[in-house]
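This report concerns only the one structure given below.
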Amino acid sequence: MNEPGSTFGAGEAPEERLRALLQHVGHFLPAQGPIGVFVHHNTLHAFQHLPFHDALAAASALFEAEPYLSEAEFRAHIASGRIDDQDIEAALAERFAETPDERRGPLSRIEIERLALRFPIETATQAGLGWRIAETGATRELRPDLPSGPYHRLLVYTERWLAERPHAAARLLDQGGRDPESRAALALWDACRGVPLPPTEPAEPPLVDRVGVDRSHRDLLLAITGEDPAELIDPPFIRLLGAYLDEGVAHWAMPDRAQGLFRAFRGLVLEGSRPAGAHFAGLDAELRAIGANMPPAAVAVAALRDLGVAEQRWEGYVTRVLLELPGWAGMVHRFEHTPSDRPAGAPPASLLEYLAVRLTLARYALRDVARRRLGYRGPLAGLVEHARRAARPVEPPPRSPDGDRPFRLFQLAQLAGLSVAQIQPLSAADRVWALEVLEGLDEMARRRLLHEAYEHHHRVEVLHGIAANLRRPEDERAVRSPRFQVALCIDDRCEGLRRHFEELSPRHETLGIAGFFGVPIRYRGLDDAGHASLCPVNVAPAHEIVERPREEGAALVRKARRRRWARFVHALGHGTRTLSRGVLLTPTLGLFSTIPLVGRTLFPRAYARLRRAFERRLLPAVPTQLHSPHEEGTAQGRGGAAFTASEKAARVAATLEIMGLTRRFAPLVVMLGHGSISVNNPHQSAYDCGACGGRHGGPNARLFAAMANDREVRAQLRERGIDIPDGTFFLGGMNNTTTEEIVLYDDHLAPASHRGEIAALKDALGEARKRHAHERCRRFASAPARLSPEQALAHVEARAVDLSEARPELGHATNAVCVIGRRELTRGLFLDRRVFLVSYDPTQDPSGAILERVLLSAGPVGAGINLEYYFSRVDNLRYGAGTKLPHNLASLLGVMDGALSDLRTGLPKQMIEIHEPVRMLTVVETSTETAAAICARQPALRELIHNGWIQLACLDPATGQIARFTRGAFAPFTPPERPLPEVARSLDWYAGKSGFVPPAIIRATPSRPSLEIADHAA
């Protein structure tokens, strides 16, 4: 935000300045679109121009949100070994890299900070400390968490000191010091409080001075009276927004929506629909006086002036008002600037009109609370000054000069192993210096350093694993003569499926690429009502593809049945909501609905199978094919042009070149898209393919395979140096990441010579998906402890159709790494389904041009997913959506808690519970010079990398050396000397473990049947 004294467009009218201000302030609002097309993004996109930790501090102040895990969580990680001493030392080394250490007396700055990170050093009020001393003997015993070294030093040195001072020993005996520990504690406490110390001073300005800076009148009244004025206006305001923005829930549309939010609101009030409550008395008269033609901007400006907010403070005040309901305000802002998110005929969206309505209602609520709770009946412009006079000063909790700071010194001395003999001689200046160092490392600074240590531990584990894997013979990691090649999305959930598929045979090869496979399209499936863009959200598809039946006769019968069934279901649903038919239908349908309800609740998997069988009977599946409405040429239609042969060849070539698959083709090459299907899950789109705009990637895979099989395309590819053998056939497919179902498309088009291999491929994929389901089940708390792969597969299938299941799958939870390079870097390495695997061959890209394209797509996409999970994990109430349990779908836009709340943006608790919030470690197989040159050319990448939103490491393809980007330069990484564990298969490493599992070498042996796998199940 700008400084409070700043203005926008100083020479313009106030209304125009307010418009310009809203353009700026709108960036602080959530950018999440409608929940049906959920696309992951950096929650703090407005702060991305700042270094990571600075951005977190700024956002924490603005949103009142947590930037890191809590200190208690970090200390639990220290206790479990997730953060060790080496990690803390590494974090401190980074902190003091450019600042020399300082020592005063027996302690240095780095020693004090090390102790503050390892152990909690508490503060206490005077009353609290007195109670602890009297009731718990806090100063008569040493800390229970004191390590043995400092503990024994304190006892030994204190006894020596007392031996030379009999009078001191006698005094301690009178105080209760009858054993070495109590004598050491009492003597140390006397020494710590022996020199008077000045108390710390609070620095935060009074709340009344912050109105218009980072607080509003609502905050002021809430703090003074305990009553929140927003509770009076939120219910009618949320109902108004829900009705105005509704995209299909309401049976009757709100009137006058086409005129804009403010005029529609005014019309409702003047027609007698004024918000309920005596506090809104006079609202209809005010709106009538405003007139129908008064611009909303003028209404908002008048409201701000009525509130007494000076223009130089508009920005801070308006920001605070918009952040009262950030979800709704953010949705309005997104619709205003991204109208393509909305269906045709949707009403106009304007953040300015939102503000005008909000301020209009807010003034009535503020007057009411001020009158009832403060007895103030004057103009709102004088409310702040009245509050200044009326409110008692809020004093900080009393702190004792004789207790609080000496008590912290008492704790610090214990942890450092400093006895009375070393503390007593310290001057007041030395004591204050030590305490100021301790106080300077406040809670936020400690959490920042502990977070760095937390990330360091993970970073070393991953880079050590990759370095150890590279030391294996290349023949163990490379596939010389592939039988099957399967290209999957770079999605971290695909890492496990790829690993299990490769463990089945050394001739199984997998690759990774963005799941739209380089073919952005507008797609309409056979049963779809409209088109959907299957491509990244920043790409506008120029081509339209539709799914059509191969036989029109059967398709027409199916279509007619589907329409009749839809009309019947709609009539029943609508009828239950009407007075006349509802009386008859509701009891009857209610009785019969108990049968499917019991089935879906108690036997979800069996019920789902029965329902699918019924649907197949009612609506038989028909064979289909992909078709462009303009295949005869490039004439533009409603959906864009057809793909020409040269465009097809260019798309296929680009995708194959990015993956490094330009030679050594297998007889069968599969492009496997992915998506997720589950029930009772408003966030289902968040589980789908982000590269396809939050939708399924199967159509893209199917289209790419058809292009790659085209003879004319292959002829043009040969001219480009990509010679696909005649014996190679491409297949498209779809992987349901919830159920592990894998469907291959158009296998009937394969030559007869490939039918046997296709059957073998299906068997291998079937075995891999069972093993992958088994690995996934170890992270589900509700999954039985001992499952065979077949049972595990049945379990994940049941989760997808269970109405009560809040976690059908875990999505991208646990994502932490992106590896861009050849599969040889990670083949045979257990990476715990935490890695985005992007195929790239540096030997085929001497200029780095291909890598630049890969980084521009994978970098921001991976960072967006990673950072959304990060922020939803560290503060699920502010940055996330909270628990799913009270969620209700609102206007087909998002979810609310219960019937009336803000739109909950971010990810729900059930998607992030097991996530480790670490920034993405991006490992790129390239030289540091190439990476630096790309960053210099690409501002978007430079912002992410130089500001630390992602962590970059380069693996030199010539030397195998790893270098990490830190503090603006690359520094060599030296892996630990300890060997990496080695096992025969993934199951042997993860069996019996439900948490995160570090990397290990998988020396795959010939495939064994699933029955034998079951014998080793955890």
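Positions of Cβ are set from backbone N, Cα and C atoms, glycine also.
Taken from Swiss-Prot, the feature Zn(2+) binding site covers Cys489, Asp491, His674, Cys689.
On the structure: features taken from Swiss-Prot.
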residue: Cys489; record: Zn(2+) binding site; DSSP (3 states): strand
residue: His674; record: Zn(2+) binding site; DSSP (3 states): strand
residue: Cys689; record: Zn(2+) binding site; DSSP (3 states): strand
Practice item. Out of Cys489, Cys689, give me whichever of these binding-site residues has the highest number of other Cβ atoms within 10 Å. Key: Cys489
Check your understanding: Around the Zn(2+) site recorded as Cys489, Asp491, His674, Cys689, what other same-chain residues have a C-beta within 8 angstroms of the site's C-beta center?
Key -> Leu488, Ile490, Arg493, Cys494, Gly515, Gly673, Gly675, Asp688, Gly690, Ala691, Cys692, Gly697, Asn735, Thr737
Practice item. Specify the count of other C-beta atoms within 10 Å of the C-beta of Asp491 (Zn(2+) binding site). Key: 28
**Study point:** Number of other Cβ atoms within 10 Å of the Cβ of His674 (Zn(2+) binding site) across all protein chains
**Key:** 26
